[in-house]
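Input: a single structure, listed below in structure tokens.
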Amino acid sequence: MDSSDYIYMMIWINVRLCLPFTLIVFALGCVVRLDGFPVTFYMNLLVSNLIQLAGLVALMVKINENNFHPICFVALGCGALASICFRTVFALERYFLISWPELHFIRQTKGYVIFCVLIWLFAIFLFPLFMMFSQYIFFVLFPLIPTPVFIFCVARTPKFLPAATSLTTGEKRRIVAALMLLLIVHICMILPLSLSYINSYFGGSYVKYNSSLILFLFSPFMDLILFVFMCEGLVDKLLMCFSCHSCSR
């Protein structure tokens, strides 16, 4: 199997597994008690992934019918751009909850509604604009910009953990775990697409680009794991089971 076959296999997995699981997690997020205010950002992240997956399905159907339509690609791109933005805002909200708990605006209803509306407007209008004028800037710039944000949040959060007395140990553990997961997803699955696009733009191998595209298509799966870190007590139970298993060995 060559890299294109793996891409089609990953798309098939996204359609058959990731899409229904995303719908299930979205439904659970409406009824399960979650860890505070970032539930709104997380729900919007899932919606952006659903749009991304729907655009991917429509794009593949049109390609198989030899009837490519740009709207499918625009939906896919807008969903992907919105996903990056919501992950970034999610990480910043978790970081500020630890380092600057007095910053209530981002965690109030008015605050997260404004952020969500701005992100959707940003994705809907900016992606088609860049596709018309400069695809290179889009594929290089937007995956690179959030990278320092994720690194900063993960690196600085442990410094403020002792001072965050209003949070329980379990809440602190879930925040750190969520930030680590977001950093891993961005560096391992989003950033390689930008770097390989730069490489292919300057005459590099498209095999590396296809490999990074496979990793990128896996990112919606990783967003589902964030649900675990938002459920109160679930991470603690998992860690307790892991500790008991390690001690028994």
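Yeah, the Cβs are placed from backbone N, Cα and C, and that goes for glycine too.
All annotation found in TrEMBL is predicted automatically rather than curated by experts.
As recorded in TrEMBL, the features of this protein are as follows:
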type: TRANSMEM; residues: 6-29; note: transmembrane segment
type: TRANSMEM; residues: 41-61; note: transmembrane segment
type: TRANSMEM; residues: 67-90; note: transmembrane segment
type: TRANSMEM; residues: 111-130; note: transmembrane segment
type: TRANSMEM; residues: 136-155; note: transmembrane segment
type: TRANSMEM; residues: 175-197; note: transmembrane segment
type: TRANSMEM; residues: 209-230; note: transmembrane segment
Who are the long-range neighbours of the transmembrane segment (175-197) in its own chain, taking Cβ under 8 Å and residues 6 or more past its ends?
84, 87, 90-91, 94-95, 97-98, 136, 139-140, 142-144, 146-147, 150-151, 153-154, 157-158, 161, 167, 204, 208-209, 211-213, 215-216, 218-219, 222-223, 225-226, 229-230, 235
Please identify the stretch among 41-61, 67-90, 136-155 with the greatest number of Cβ pairs below 8 Å relative to the transmembrane segment (209-230).
41-61
